[in-house]
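Taken from TrEMBL as is:
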ACT_SITE  D271  active site, proton acceptor
BINDING   G100, G102, R103, K123, D135, G136, R193, R200, D281  ATP binding site
BINDING   N272, D281  Mg(2+) binding site
Amino acid sequence: MNLVFTNRFVHDLPGDPDLTNERRQVSGACYSFVAPTPVSSPQLLGFSPEAAALLDLTEEDCRSEAFLQVFSGNTVLPGMQPFAMRYGGHQFGSWAGQLGDGRAINLGEVINRQGQRWTLQLKGAGPTPYSRSADGLAVLRSSLREFLCSEAMYHLGIPTTRALSLIATGEQVLRDMFYDGHPRLEPGAIVCRLAPSFVRFGNFEIHTAHGETSLLQKLLDHTLAAGFPELSEKQERDRYLRWFGDVCRRTAELMVHWMRVGFVHGVMNTDNMSVLGLTIDYGPYGWLEAYDPLWTPNTTDAQGRRYCYGNQPRIALWNLVQLANAIYPLIGSAEALQETLGEYQRTFQTTWQQTLAAKFGLPSAKEEDFRLMERMLDLMRLHEIDMTIFFRRLAGVTGDDDDNQRFCSLFADALYHSIPASEQTALDDWLGAYRRRLNSYRLAPLQRRHQMNRTNPKYVFRNYLAQLAIEQVEQGNTALLTELLDVLRHPYDDQPDRSHLAARRPEWARNRAGCSMLSCSS
Ligand SMILES: Nc1ncnc2c1ncn2[C@@H]1O[C@H](COP(=O)(O)OP(=O)(O)OP(=O)(O)O)[C@@H](O)[C@H]1O
Ligand SMILES: [Mg+2]
């Protein structure tokens, strides 16, 4: 394995002079050096060939003993400078103080043959100075969910941190999954993640909270130089503000993507928001099945529903306000920040309207079309209609359809409940109105179907599929894990022999842990 390390984060920014691996409050530094904790008997459960290619690694490399030892944290390669980042964050709306990488360890930044740079990070590789009261480890179930979902998101075309490998450590980890006083031992695992940068909103917040303005500026200068060269080179006076505008736009685009595919992150704390607009931290996330704006997969959030599906765009804005507060000392003008925040709303609104129209296969964004679309979303919520299946099936409906199929037979696969006859009329009426709209637009059906199927995936990482794969892997069988990794590579393709993996959630999964509600315990 020939990896070339550049490690700009470490070179550009001050580290913690204390080199001991003891839990502490760190000040005056952006990170602390810390090595991964060796594990007893690592076993490779999966790897992503596409992520490996970003590091110029072949499949053979990924199956090698050296790979296993490096990405389980047992071997530190020459050139690696492992460290944990210092960051803070607002959790569930309140400032939580120092958090930091409590179980993620950055191995270093690699430059590939194309000159692209990727930071390698192990999640679950042992305690760090930021571990607080926890153990620095991760369990197999949460690591498998992170591994598969990261790559699924990438193939859906959604900005995300990537996952290179999933390795069982051979160690047991104690977790009280339901927080009910019944901890049990579970198999441990480590995911190696890749991203151009893992900097979060919370990396900036911690410096401002501690009055470390010169560090704040160093971190922002590094972020600009590393990820936004066009802003950094000219040293323009408004470059920090322009960068913030860019973060606003990227975040808005990310929210549109999540809303488009029905992804619910579950813990949108500011320490889980990437300044590159990447999806980061696959914890108690979930995929919307029956359409419901209030749905949240996170048991910890079941009461307040702060992070439910429909709230995500609003929470992203709230989080951006926290980032604006954090960089205020470098900007000095609340009006300028406020004005720039408008970029978020503008981008979200325009992009979401276009995306919604594309989901319904309607070419324009006329007022009456939006009323029609909103009406369907309302009906979907009322009648528990599977969002993913609905939109795929809708692509087959045409304006001049003379088969006049009724809604409930056409969309039977998407229904979680049978709908009483008295309530079917509203759905049939909607379908009639929709067909008339299509008719009036005279769209070529094949082209429209093709475009809709590029916007509406057939395969998403349904919660119950994740649970089935976890149960299998815990029994030593990686077949479903491998199959899911493969099918999720082409989420927009029909793949008819894989259709069972696009089916709606079976009844047994309705209230089963891991299938509908997820605990934060990971
Ligand atoms: N088992 C653990 N040991 C040590 N620290 C932990 C552990 N679990 C979570 N933390 C820390 O608690 C804070 C909030 O956790 P959260 O669940 O958002 O993140 P995470 O899933 O550990 O990691 P990431 O955001 O890097 O994906 C973070 O600082 C995180 O590092
Ligand atoms: Mg986190």
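Every residue, even glycine, has its Cβ placed from backbone N, Cα and C.
Locations of recorded TrEMBL features on the structure.
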{"residue": "G100", "record": "ATP binding site", "DSSP class": "coil"}
{"residue": "D135", "record": "ATP binding site", "DSSP class": "coil"}
{"residue": "R193", "record": "ATP binding site", "DSSP class": "strand"}
{"residue": "D271", "record": "active site, proton acceptor", "DSSP class": "helix"}
{"residue": "D281", "record": "ATP binding site", "DSSP class": "coil"}
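Looking at the residues that bind ATP per the record, G100, G102, R103, K123, D135, G136, R193, R200, D281, the two CA atoms farthest apart are separated by 22 Å.
The Cβ of N272 (Mg(2+) binding site) has G89, R200, H265, I280, D281, G283 as same-chain neighbours under 8 Å, each 6 or more residues away in sequence. Taking a Cβ cut-off of under 6 Å from any atom of ligand 2, the binding-site residues R193, N272, D281 reduce to N272, D281. R103 (ATP binding site): 21 other CB atoms within 10 A of its CB, across all protein chains. Of the candidate binding-site residues, G100, R103, D135, R193, the one lying closest to the residue listed as 'active site, proton acceptor' when CA atoms are compared is G100. Counting neighbouring Cβ atoms within 10 Å of each of the recorded positions (D135, D271, D281), the lowest count belongs to D135. Sequence-distant neighbours of R193 (ATP binding site) (same chain, six or more apart, CB under 8 Å from its CB) are A104, L120, Q121, L122, K123, E146, S150, T161, R162, A163, L164, listed in sequence order. Counting only residues at least six positions away in the same chain, the Cβ atoms of V26, S32, A84, M85, R86, Y87, G88, T128, P129, Y130 sit under 8 Å from the Cβ of G100 (ATP binding site).
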